[in-house]
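A.B. asks: I'd like to ask some things about the structure below.
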Amino acid sequence: MPLTARQRSIHNKNGTKRSASFSKGKKTRKTSESEFLMTNAPSDLRSIAYPGGAVALVLLLVARITSAYWGHISDCDETYNYWEPLHYLVYGSGLQTWEYSPVFAIRSYMPLWLFAVPAKIFTFVTTSVTVFYTIRALLAILTACTDLMFYKAVCHEFGVHVGRVWLCLTLPSAGMFASSAAMLPSAWSSSLVTAALACWWRRRYPFAVLLTAATTLLSWPFTAILGLPIAIDMLIFKRHFVEFFKWSAVGLVLILAPTVLVDSWHYGRLVVAPWNIVAYNIFTEHGPDLYGVEPWTYYFVNGFLNFNIVWVLSLSCPLLLLACTAIAPRSTSRASFCAPYWLALMPLALWLAVFMLQPHKEERFLYPVYSMIVLTGAISLDCLQKMTFAVGTELFRWRKERERRHYLAYTAPLMVMCVLLAGIGGISRITALYNHYHGPMTILREIPSYENGIENVCFGKEWYRSPSSFHLSEGYRIRFVQSEFNGQLPAPYVETSNATRIIHPYFNGQNKGDNRTYLSPSQCHYLVDSDIGSPTTLQPAYHKDSNQWEIVSSVPILDSNKSHRIFRAFYIPSLSNKNVVYANLYLLRNKLLSH
């Protein structure tokens, strides 16, 4: 754990002379970083309690696997761009979006195959919905492992106290709950970037470069931005030119080459998917602005919802570091082997600067820096403790003991209060999300198994709530009926071996809907409807038409327009139920097509 200059001076006054007397006449050798961390720790700092690797891993696994089984799909892009193509690779049926059309080819099949292979194995022993949750659990386990790497690296680079605060803040975080088991490139990049930064801080440069290459080429190309500080450190500060370019080349060969081969086979032509997505988002006139354009305040509000006071502390980190340096300059000094704060925290600053300026804003876009948000929050809290101690030594009796005692001995209540407040806020948010939006994850469970032909399960105005084809047994297909939504919806893959190469005329890059992809309600064996909003010609109240439709089951779903803004965002016992309004999400069976 890196120590401040003040901590080292305390130890030197108390123990250096004594240890030196035992080493007279002996040949000395250069100490390693780990030896430096142990021998330069003051006695009271060595007794700080913090979770070891095994305990931390168990805590992280519990938190992340909880997310896998109780979290909902918060973004329909996750369903249609990843779970549905994965379902096609595993079962031979699913929904295809325009991004997977050979005309555009901006999504890669390569990362999906990394999940399709184990999923195919699971299909021999369990049902498709169990495969779904098993894959989510696998994602959660991988996230927990990279979080453990990050935790250890934070303890090494920023100190044990910052590390344990990071762990305490990340476990109940609503943001980490949402991202840790998501089937999204931004979520995969979150784990890969977390691991890359951990390897960088531990001076394991080859792995840092390879993991950066993996997140860039295999997951999300834009995360190359997050590797810039690693490149600066290796090329400018450490002068590791050969090592940097060698491992970059290795990453290209090991990752890009197989990705190009797999995608070119699927699309039937030469395809470099990472380049295609960059070209579409940057070099086209419309680019991403067709979807999710939000005001400049979006990330500020969303960040508070997912991280509450941690988000405020994170944004305040630069100012608090400057203030801490001014008030207690020795407390912010760094060990010689540590990167300066400005470089170590640059990934978060770069990412926020780039994405806050983009008109297209979505919650998932910040997933890759979620661990960094929690880290800067922990550093800010540490700065507040150090400044409190510095001021206290001037105003109170602390001054008499400041040479013998550590700043944590006096400021621990401040840390505990902030951690508890952040934890309560995170759990409150997670509970609200589960109560309000978990219903769609269970709505299809009442559909019976059926193997005599193909039956259609349709979505209309609730098209964005589909939990994916993994929640249906063999013989059922998800389809859409027309609604007030006039954008482009997915269409079914042709159920042939070359479906990924077939070009459909109704796919386009301008988000224009096409009636050729819809079914008539009379063709639907089952239909998902809700009583949210007022009925229209295109969105009639199907659940009230008892002549054609029978209600099989219903689950509660939040009616956000009728609910209080605060109480729909956070769960507050006894108050939330009085200030939010729930509607019903219905699973209907077509009486005219009943078998």
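Just so it is clear, glycine is given a Cβ too, placed from its N, Cα and C backbone atoms.
According to TrEMBL, the record shows the following:
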type	residues	note
REGION	1-33	region 'Disordered'
TRANSMEM	48-70	transmembrane segment
TRANSMEM	121-144	transmembrane segment
TRANSMEM	165-188	transmembrane segment
TRANSMEM	208-232	transmembrane segment
TRANSMEM	244-262	transmembrane segment
TRANSMEM	309-328	transmembrane segment
TRANSMEM	340-359	transmembrane segment
TRANSMEM	365-384	transmembrane segment
TRANSMEM	407-427	transmembrane segment
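Can you tell me where each of these features sits in this structure?
C.D. replies: Tertiary neighbourhood of the transmembrane segment (48-70): same-chain residues 133, 136-137, 139-141, 143-145, 147-148, 151-152, 155, 160-161, 163-164, 167, 170-172, 176-178, 180-181, 406, 408, 434, 438, selected by CB-CB distance under 8 Å and a gap of 6+ residues from either end.
Within the chain carrying the transmembrane segment (121-144), a Cβ under 8 angstroms from the stretch's Cβ atoms is held by residues 57, 60-61, 63-65, 67-69, 71, 83, 86-87, 90-91, 115, 179-183, 187, 190-191, 445, 468-474, all 6 or more beyond its ends.
Within its own chain, the transmembrane segment (208-232) is flanked in space by residues 108, 110-111, 185-186, 188-189, 192-193, 195-197, 199-200, 243-244, 247-248, 250-252, 254-256, 259, 274-275, 277-278, 281, 339, 343-344, 346-347, 350-351, 354, 368-369, which lie at least six positions past its ends and keep a Cβ under 8 Å from the stretch.
Long-range contacts of the transmembrane segment (340-359) within the same chain, counting only residues at least 6 positions beyond its ends with a Cβ under 8 Å from a Cβ of the stretch, are 157-158, 193, 197, 201, 222, 225-226, 228-229, 232-233, 237, 288-289, 293-294, 296, 299, 314, 317-318, 321, 332, 334, 365-366, 368-369, 372-373, 375-376, 379.
Beyond the ends of the transmembrane segment (365-384), by six or more residues, the same chain brings 147, 150, 154, 158-159, 161-163, 165-166, 169-170, 173, 175-176, 179, 182, 184, 186-187, 189-190, 193-194, 197, 215, 220, 223, 226, 299, 302-303, 306-307, 309-311, 313-314, 316-317, 320-321, 323-324, 332, 345, 347-348, 351-352, 355, 411, 414-415, 418-419, 422 to within a C-beta distance below 8 angstroms of the stretch.
Packing against the transmembrane segment (407-427) from elsewhere in the chain are residues 44, 48, 161, 165, 168-169, 171-174, 177, 307-310, 313, 331, 377, 381, 384-386, 388-390, 392, 398, 570: each is 6 or more residues past its ends and has a CB under 8 Å from a CB in it.
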A.B. asks: Which bits of the chain, at least 6 residues beyond where the transmembrane segment (309-328) starts or stops, bring a Cβ under 8 A of a Cβ in it?
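C.D. replies: Non-local partners: 6, 169, 173, 303, 341, 345, 348-349, 373-374, 376-377, 379-381, 383-384, 386-387, 389-391, 418, 421-422, 425.
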